[in-house]
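Here TrEMBL flags A:131-464 as domain 'ABC transmembrane type-1'. Residues annotated as transmembrane segment in TrEMBL: A:6-25, A:60-84, A:135-156, A:168-188, A:208-230, A:242-259, A:265-284, A:296-317, A:337-360, A:381-403, A:446-467.
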Amino acid sequence: MTPAGFTVAFAALFWGLGGAIWLLMRRRYTLRQIPQFFMDLLGFPVELAQSLFGRAGVPYALLLPNMLIFGFFTFLPMILNFYVSFTGGASISLFDRPWVGLEKYADIFTCENYLSPKSCSNPGYNFWTGMFNTLWFVLIQVPILCVAALVTALVVNQNIRGRGFWRAMFFYPVMLSPVVIANIWNWVLHRKGALNASVGEARDAMTGLAGLSGFDMVATVIFAVILLVVSERSLRSNDGPSGSWTAVFGVLIAMLVYWSQPLSLIGLPGSGWLGLALAGGLYWSVSTGQSFARMAIIGAGILAVIMLLMIQFDAVFSFGRYRPINWLVTPNTGWPFFWLVFVFCWSHMGFYMLILLAGLQAIPSDLYEAAKMDATKPFRAFYRITLPLIMPTLTVVLVLSLIRSFQIFDEVYLLTGGGPGRETFMVVQNIYEVAFANDHPDYGQAAAGSILMAIVIAVFTFFQLWLTRRQSDL
Amino acid sequence: MSRLTTFLSRTAGNGPDRAERIGITDVLAYSYLFFGVLIILVPVLWTFFSSIKSDTAVESFDTRLAPMDQISEMIEDVGEKDVWIYTAEDGSTQLVYKAGPTRKVTDVAPVDDPGAVFKVPRTSLAPHEEMRVAVENYLDPILKRNGQDNFHFFTYLYNSVFVTVIATMVTLLINAMAAFALSKYRFRGRLTFTILIVATLLIPSSIILVSLFFVVWSFGLFGSLWGVIIPAAATPTGVFLLRQYMLTIPDELLEAARMDAASEWRIFWRIIIPLSLPALSVLAILSVIWRWNDFLWPLIVLISDPASHTLQLGLTQFAGEFDTNFHYILAMTVVTLIPITLVFVWLQRFITTGIATTGLK
């Protein structure tokens, strides 16, 4: 019998038999109180503590199981991590591991050029590739996730029908397991899968439509009518242009600029950015209630008409033959990384949305009523009321999603396996592979990697908390 | 007509400060929500619809929604053959099977008259199909038919349910005890304990992976389901969630019970537990989600022994072994997501409001 088994057997005997005798000696149970007896037996250590030390001993007994588990399975490993990282060899017995000092750290830091992981030693290469990919992932992922969650929470918080339904739908992917999520997206993103098929069909249909004679003219007229309606709508209201219609107008302008490529006249690229900047400027001027907002919209409208006449719509909508993309496998395209970010957002956004929604609903509605009395613009109300009051919740969401994204493993491991090449190889996968998926497990190396990762996470978290120190209520 | 548009575009409620018609803001909001739900639901539904297609349809990446399956018939002296519809130039159709390899001009023979082979262009052949739900995608791996004996469904299900149920019960019990101690007693070291628990909140689980493995190994829990259940049974989130809730229970109730000489344990069991049921059920649901979906730690602890795989691990192994048998993988994926989906549909209002109001803070 192993010592652990012996201990368990002894504890069971003491608890079950000893507790039963102890209880039966002190209390009387009728036949109907048998459930009561087992309930008391379950709490026997607490009862014992109360009878030995009085009421003062009870809280310690109550905290004991939780603290034992925290101690053995969280704090002890945390400390042990340092010890393991200073030892070498593949032995699982802690006393059997030779002390190697800082060698494992030195391995990671053996680099000729600290900016390129390729010049490092092998463990260093794996670790720094994982670390850089993870940092990159976190920097892209966290803002996107938080903005998406905030926008969704704002929309769901509107006065809409079926709020419970929408909220539940956005939360649903959070319930799905990583394996299920990976299988679903593997299936959709397969080279012959649903996504490639529908993109291909849509493009073929559009190309076919653009090939019809007179398509150019019809498209120009339709766009002109849409522009007319939207600009009229956004200018209609007496107290300044309408924000939402301006947003639609801005999207249209951005599309027109992108298609007509005005900068190519003077031989410059980047018309797409120009369009986005124009749309953003328009929306900013309207939402902040600038006096020239109306003139800006009219000016943009005139510009839009000129650009509309420049566009050859057949050329814009003629896409040519579509080659299915192997989304998760093709190297050097950035697609595997993109889909990783997308799937992570897809599966985690609902959770952060719910937290933000709770924060939004805690904002007293009379603030908005007061703002309405003062004829405050919705954008201004968002900037001056919603954002400052949601900031504490947003900080929590930022910190949580940051820690969460840093630890990304399941989704990558199951979707891309770190590939193609090492494009999506994350730091936790490095730790996992070094320690557990290796013929010669190097626990010391993995532990050293964990500690470095812990340091990076801590630095990031504190930096973020410091940035938002005034708003934080963590 | 204008009454129709008014009817279709009216908004919820008719309070004094509400517009009566949908404005552009509502249109934008609804289209955002609609597209969001589309992005969330379409992949899941597509997986489901693909999982009930026959293996040939799945392997040829049939993008039609309905589960169409080519009919095959037993033909005398030839054997089982796929049936095709041959459309002649005059528009008449005939059921044929391919008597030779598929070429530009293919040898075919009518199903009714297997001897009469004739040549037709390949483009005039269309598969003869019927709609059929491919139940075998589900039944084969579960009942281990057709050589699918690598997916021990009931073992995996048992392990998953065992881990989920036991871990949730342990979590609820010990977290409630800790929360009770922290919320209803004044004792030396209360602040220390609270800080310790906050500290565990800040230690990400993937950082302590390696040494946790050493600890679990030395306890002799490695490779057993208990090695998955116990290390994560104490959750800081759970303690805080329950503590916040228990702070709202009036102390007078406890005092009254003490007057009646109830022991502290009975107070906990008879008063605190029943009164904090709402928070307990939120924690129960969270714990079920965490445990059912847990992946990395079970992967490390349980991977070596197929008999103790959970459903998630079994599914991973299964998907890894048969890269081409998509129809089985899809079916088993659907089987894995169904329990959690049912729980969600059944309790969705409760889950979302519960997490939103009590969750995390």
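Along the chain as shown, residues are numbered 1 onward.
Every residue, even glycine, has its Cβ placed from backbone N, Cα and C.
The transmembrane segment (A:446-467) is not in contact with the transmembrane segment (A:337-360), judged by fewer than 3 CB-CB distances under 8 Å for residue pairs 6 or more apart in sequence. Tertiary neighbourhood of the transmembrane segment (A:60-84): same-chain residues 45-46, 48-50, 94, 97, 443-444, 447, 450-451, 454, selected by CB-CB distance under 8 Å and a gap of 6+ residues from either end. When Cβ-Cβ distances below 8 Å are used as the criterion, the transmembrane segment (A:296-317) is approached by residues 206-207, 209-211, 215-216, 219-220, 223-224, 227, 231, 234-235, 241, 246, 249, 252-253, 256-257, 259-260, 262, 278, 281-282, 285-286, 290 of the same chain, each at least six residues removed from its ends. Beyond the transmembrane segment (A:208-230), the same-chain residues lying 6 or more positions past its ends with a Cβ under 8 Å from any Cβ of the stretch are 245, 248-249, 252, 256, 301, 304-305, 308-309, 311-314, 316-318. For the transmembrane segment (A:168-188), the neighbouring stretch richest in Cβ pairs under 8 Å, chosen from A:265-284, A:337-360, A:381-403, is A:337-360.
With a cut-off of 8 Å on Cβ pairs spaced 6 or more residues apart, the transmembrane segment (A:337-360) and the transmembrane segment (A:381-403) reach 3 or more such pairs and are scored as touching.
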